[in-house]
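*Asks:* This is the structure, below, for whatever I ask next.
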Amino acid sequence: MRHRISFLLLTALAACTTAQPTTNAPAPGAAILATPIPAATPVVAAKAMVVSAHPEATRIGVEILQKGGNAYDAAVAVQFALAVALPVAGNIGGGGFLLYRGADGQEGALDFRETAPAAASRDMYLDAQGNVIPNLSTLGHLAAGVPGTVAGMWVLHQKLGKLPWKDVVQPAVDLAAKGLKLTEKEAAGLNNQHDTFARLNPGSAYLKAGSWAAGEVIQYPDLARTLGRIRDQGKAGFYEGPTADLLVAEMQRGKGIITRQDLLKYEPKWRTPLHGQYRGYEVLTFPPPSSGGVALLQMLQMLEPYNLGQAGWHSPQATHWITEAQRRVYADRATYLGDPDFGRVPVPQLLEKNYNKQRMATTLPYRATPSAQVTAGANLPGYESDQTTHYNVVDAQGNAVSCTTTLNGAYGSKVVVAGAGFLLNNEMDDFSSKPGTPNSYGLVGGAANAIAPGKRMLSSMTPAILTKGNKLALVTGTPGGSTIITSVLQSILNVVDYGMNAQQAVAARRLHHQWLPDQIDVEAGALLPAAQDTLQARGYKLSPRGGWGRVEVIRVLPDGKLEGGADPRGDDAAAGY
Ligand code: GLY
């Protein structure tokens, strides 16, 4: 088997164009074209910090820490608070990946990714002619995988929590019962979905006659009762009893396939975190079924030989090197990655230093490598949905949590479980509905990510923690579908190579390349006009795109204080004490 995998990797390598190795020197004048690093002020705290996508969730996390809870208690409280305050992505009806590093150096990777229901099958989203049926894997009851979030939080708390479970869930119960003010972005998000909600969820709290306005208070009585059952019965408050009954009844109402048995059988998994090194930092990240950890470490290996700092931030030469690394890594992702419990994923081979060095040896010094020459990709994939969310916690003892959690699309499947008040994910779309051809989102995947009962769909979520000299240095992560991996990469490069503070690192404009389509997505202001000209002259296609990702960063300063950076593209908030 090992030989077969090595052969596959070598075949992919051989498919790359052969060319002179890239020099380690920036092109003449490249630094002059570097984009100036914008100023931005981080939140600084002496002892502990929480950064999340909603101020209420951040507040709740900090209060739990101030009551004597540890980072794991705060993570559970933030997760449940986001399920109330951030319906677009926060969830109890979805899943996620949580990475931690304890103050004692212990570490763990908790996989609470959704699973395909037992009645799922490889071709469930195809018609009689074998074509993908539009929207079936993204919208409505059949799009939902078996949720993992509540089981994940329960298992985390059982292993590492300090405060009583009830105390860490209660703030979310209160938030749902009392309600909270909608921000402008949230009101707009709900209004955009009005017709879909009206069709799928008549009577849900997310729906009202007329439009939501910023500042309006929204209350969630059904969700408060569900969270109350979770508070009182733990995991059983979700996977058994009234919540499970309501979920199964909802499935029957909408011809979904999640059963009581699926709920009872759901188990989160402890996985072994991946380790890599970058410029003196130890990088801890998530293994498959995340593709993100492998891809991040591959890219860091590919980039370490190049002097990105000297080339300058978003200079043509740095962008050239980073793009060529991204292109190669995303080609590998499409071919090799899937649920490791359902097939061998060649992680050690993909993380072999020599393999990644060889991949970069095929880059051209001042010319883009066309993606079609990197591997035989013919179909153009689109983007994974970017409605996921991320939070980081560091407590006063130095325990660190980096957690990315998701419903997949905005408001997931858009199905609210009637009487239980929570949204179900549409994570089934992260499988490849038809291996080898684009699914309804336009994603290409291989057999490694084909649907099978009980299997976890491939993810890009990339929680990451960096240490230096065995001391905590950086906690990072973001939502953003396929852009997650490159946004996390940039947050690390921004700090390590460009000396940015935590807020600069998350606010800085971004670039993204994912092999196919063969283009660099460019956020407005990310590249100077002169740098754009140089990159275009080298053969790069530049594609303007609205901002993406909501990166959250906690950086440990030399004096031990914590610096929090919350992405200004959303309502995100950092706070500490
Ligand atoms: N649903 C987005 C991801 O897991 O990558």
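Here the Cβ of each residue, glycine as well, is placed from N, Cα and C on the backbone.
All annotation found in TrEMBL is predicted automatically rather than curated by experts.
Note that this is a predicted model, so its numbers are computed, not measured.
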*Asks:* The L-glutamate site in TrEMBL includes ARG113, THR406, LEU407, ASN408, ASP430, SER459, SER460. Which of GLY130, GLY477, GLY481 is also listed there?
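*Replies:* TrEMBL names GLY481 for this L-glutamate site.
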*Asks:* From the Cα of THR388 (active site, nucleophile) across to the Cα of ARG113 (L-glutamate binding site), what is the distance in angstrom?
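*Replies:* Here the two Cα atoms are 12 Å apart.
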*Asks:* What binding-site residues among LEU407, ASP430, SER459, GLY481 are found with a C-alpha within 10 angstroms of that of THR388 (active site, nucleophile)?
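*Replies:* Correct set: LEU407, GLY481.
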*Asks:* For a quick check of understanding: given the listed L-glutamate-binding residues ARG113, THR406, LEU407, ASN408, ASP430, SER459, SER460, GLY481, what is the maximum Cα-Cα distance in angstrom, as an integer?
*Replies:* 14
*Asks:* So if I measure Cβ to Cβ from SER459 (L-glutamate binding site) and keep only same-chain residues at least 6 apart in sequence, which ones fall under 8 Å?
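*Replies:* The answer is PHE97, ARG113, PRO289, SER290, SER291, GLY292, THR406, ASP430.
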*Asks:* Among THR388, THR406, ASP430, GLY481, all listed as recorded positions, which has the most CB atoms within 10 Å of its CB?
*Replies:* THR406
*Asks:* Near ligand 1, which of the binding-site residues ARG113, LEU407, ASN408 have CB less than 6 Å from any of its atoms?
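*Replies:* The qualifying binding-site residues are ASN408.
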*Asks:* Determine, from DSSP, whether SER459 (L-glutamate binding site) sits in helix, strand or coil.
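*Replies:* It is in a strand.
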*Asks:* Looking only at LEU407, SER460, the binding-site residues on record, which one has the least crowded Cβ, with the fewest other Cβ atoms within 10 Å?
*Replies:* SER460
